[in-house]
């Protein structure tokens, strides 16, 4: 065997193996990338659909059930409406960026998207802040609650909740106050970055998250402290009532007299009301905690990258933090259904009615089609005997 030819053939085989290995690695990488892209698309679509349908269920259930039409749920319904707008206005643009791997809507829509993102995030946390204040008066200061938390006051708070975030979203972003001059001059139509200056980062994050979050934490600490005190007093009162009842029974047995121990309806109503307020506070406290857990990573990232010029974050981490915050809009209806019996029963009833009405409509459509078929077949059969009768008559 020629050593030169042998070395050439060995080299060719080695090159062929390397080339095939590179092609296989490329195919495997493309397959993995394709699978991850499809999986990510499905997850993001699921979040959008859950947010829209779940919060629509909340709104319809409160409207249909009189038991849920209390002042606290005015804020819950308004929060659900804000979450629906997040799912319909904000999430689709972010989904488009992930799907198209770029921005295709131009500068104006980019500003609109960034403004809406800031606006609805601020609106959501201000709703939770209003709910915490409502629960604070209901549990810590129950005598002042009917005076302070009227329907008029609730509508004033809701108006402030919807109007005040405009000052840190649409106005500064469309006026160009939120960023630097260099960034405005170097903007491109195929990119939608939200690069903010340091004053705007501090002011917007404080109004949107840090100040309301601090208020909520302190109000809920006071709420749970008062709730624990009331429960301890309730258990002590129940224990004393049991001792008094036992003592009165012993005395009545000795005297041979009949003793009836009955609680007053007013005490029963107050007890049920207190338990209901505590359950509502627990559910809304869980909602507040879920909101903080979902949005805290993003705001830490937002402030740190805005104040630190050399701090960078991988794009995949940024996407995860954005969609973790968006997921909170889909999470609230699940929390209502799991932790609050009134909402759970209302959801079941609303879904059952929707399903029954759909079934009835489908059945009525089928009946109508059957009637049309019978009428059509009858019309087809009528001329035949009539024609035969006329023929016989002519004969």
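All residue numbers here begin at 1 and follow the chain in the order shown.
Each residue, glycine too, has its Cβ placed from N, Cα and C.
Among the features that Swiss-Prot reports, N-linked glycosylation site is placed at 5 (among others), with the record citing sequence analysis.
Look at Swiss-Prot and you will find 12 (among others) tagged as N-linked glycosylation site.
The N-linked glycosylation site annotation in Swiss-Prot covers 24 (among others).
What Swiss-Prot lists as N-linked glycosylation site is 114 (among others), and the listing cites sequence analysis. Shown in sequence order, 173, 192, 194 are the residues of the chain, 6+ apart in sequence, with a C-beta less than 8 angstroms from the C-beta of residue 114 (N-linked glycosylation site). Classification of residue 114 (N-linked glycosylation site) by DSSP places it within a helix.
Among the features that Swiss-Prot reports, topological domain 'Extracellular' is placed at 1-42 (among others), with the record citing a curator's inference.
Outside the topological domain 'Cytoplasmic' (64-74), and at least 6 residues removed from its termini, the chain residues within Cβ reach (under 8 Å) are 131, 134-135, 138, 149-151, 154-155, 158, 280, 284, 342-343, 346, 349-350, 353. Among the features that Swiss-Prot reports, topological domain 'Cytoplasmic' is placed at 64-74 (among others).
As a whole-number mean, the pLDDT of the topological domain 'Extracellular' (96-117) in this prediction is 89. Swiss-Prot lists 96-117 (among others) with the feature topological domain 'Extracellular', giving a curator's inference as the kind of evidence.
The helix, strand and coil residue counts that DSSP assigns across the topological domain 'Cytoplasmic' (141-154) are 8 helix, 0 strand, 6 coil. Among the features that Swiss-Prot reports, topological domain 'Cytoplasmic' is placed at 141-154 (among others).
Per Swiss-Prot, the feature topological domain 'Extracellular' maps to 176-202 (among others); the stated evidence is a curator's inference. With helix defined as DSSP H, G or I and strand as E or B, the topological domain 'Extracellular' (176-202) counts 10 helix, 0 strand, 17 coil.
Marked as topological domain 'Cytoplasmic' by Swiss-Prot: 224-282 (among others).
Residues 196-198, 201-202 of the same chain lie 6 or more positions beyond the ends of the topological domain 'Extracellular' (304-315) yet place their CB under 8 Å from a CB of it. Under the heading topological domain 'Extracellular', Swiss-Prot lists 304-315 (among others), citing a curator's inference as support.
Swiss-Prot lists 337-395 (among others) with the feature topological domain 'Cytoplasmic'.
Marked as transmembrane segment by Swiss-Prot: 43-63 (among others).
Marked as transmembrane segment by Swiss-Prot on the basis of sequence analysis: 75-95 (among others). Here the transmembrane segment (75-95) has Cβ contacts under 8 Å with residues 44-45, 47-48, 51-52, 55-56, 58-59, 62-63, 105, 109, 113, 116-117, 120-121, 123-124, 127-128, 130-131, 134, 154, 157-158, 161-162, 192, 322-323, 326, 329-330, 332-333, 336 of the same chain, all six or more residues outside its ends.
Counting only same-chain residues 6+ beyond the ends of the transmembrane segment (118-140), those with a CB under 8 A from a CB of the stretch are 71-72, 75-76, 78-79, 82-83, 85-86, 89-90, 148-149, 154, 157-158, 160-162, 164-166, 168-170, 173, 204, 207-209, 212-213, 215-216, 219-220, 222-223, 226-227, 230, 277-278, 280-281, 284, 287-288, 291, 295, 325, 328-329. Under the heading transmembrane segment, Swiss-Prot lists 118-140 (among others).
Positions annotated as transmembrane segment by Swiss-Prot, on the basis of sequence analysis: 155-175 (among others).
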For the topological domain 'Cytoplasmic' (64-74), residues assigned helix / strand / coil by DSSP: 8 helix, 0 strand, 3 coil
Remote residues contacting the transmembrane segment (316-336) - C-beta distance under 8 A, at least 6 residues beyond either end: 44, 47, 50-51, 54-55, 57-58, 76, 79-80, 83-84, 86-87, 90-91, 94, 98, 121, 124, 283, 286-287, 290-291, 294-295, 297-298, 301, 343-344, 347
